[in-house]
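Participant: Pasting a structure here, questions to come.
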Amino acid sequence: VIGGDECNINEHRFLVALYHSRSRTFLCGGTLINQEWVLTAAHCDRFFMYIRLGMHNKNVNFDDEQRRSPKEKYFFRCSNNFTKWDKDIMLIRLDSPVNNSAHIAPLSLPSNPPSVGSVCRVMGWGQTTSPQEDLSDVPRCANINLFNFTVCRAAYPWLPATSRVLCAGDMEGGIDTCNRDSGGPLICNGQFQGIVSKGQNLCAQPRKPALYTKVFDHLDWIQSIIAGNKTVTCPP
């Protein structure tokens, strides 16, 4: 996160870190949505990966930190009216459930769609500078604004006219999610509304908000898979 501050140690109990299990490199963020499931971005997927839960500083292990491997992964395969930008979402089932603890607790799915103009919270261990690849050892948090989708269409003319993505950032620049913040949450008015997906190659540029997969528009799919329906019908 660019332009943020170190997150309060108690404000990100649902934030998880995805790692490559062979190189041990940090890949992405993710969000614990119940004891057994993590929601992240599809572009974070790697064949070999593990998940750290209850982590703050990458180099310090809390007593209650837990590690899990993916048992199952689900991707949004719908084709009707969905573009590739609408599909940057992945559900990971953990190989065993995690227990709530001082540094681990899930974040519930949204009960309402987000409203344009909301102030939203982003967090992650990603780049703190751009284009230099300075990663953070601790998660950084920042507040950004939720814009009408047309703002992102003006910034990225290749975007389709309608999309199940959210557009959020700081129009003046200087505050943004960046590389390796991918997969982490966008929290608007206390609700988990977006997944960090894509932005400009140079992060935190003026008038270039980032794109976030809209969690609310994928709720039926998420809830069906968690309920055990593996052949989920696509939304209309």
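Keep in mind that glycine also has a Cβ here, set from the backbone N, Cα and C atoms.
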Participant: Identify the disulfide partner of CYS167 as annotated in Swiss-Prot; candidates are CYS152, CYS188.
Facilitator: CYS152
Participant: When you check Swiss-Prot, which of CYS44, CYS178, CYS188 turns out to share a disulphide bond with CYS120?
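Facilitator: Swiss-Prot lists the disulfide between CYS120 and CYS188.
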Participant: Based on Cα distances to CYS78 (disulfide bond), point out the closest of the active-site residues HIS43, ASP88, SER182.
Facilitator: ASP88
Participant: Over the domain 'Peptidase S1' (1-227), what is the model's mean pLDDT?
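Facilitator: For the domain 'Peptidase S1' (1-227), the model's average pLDDT rounds to 94.
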Participant: Pick out which of the recorded positions ASN99, ASN148, SER182, ASN229 has the most other Cβ atoms within 10 Å of its own Cβ.
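Facilitator: Of the recorded positions ASN99, ASN148, SER182, ASN229, the highest Cβ count within 10 Å belongs to SER182.
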Participant: Given a 10 Å Cβ-Cβ cut-off, pick out the one of the disulfide-bonded residues CYS78, CYS167, CYS178 that has the most other Cβ atoms nearby.
Facilitator: CYS178
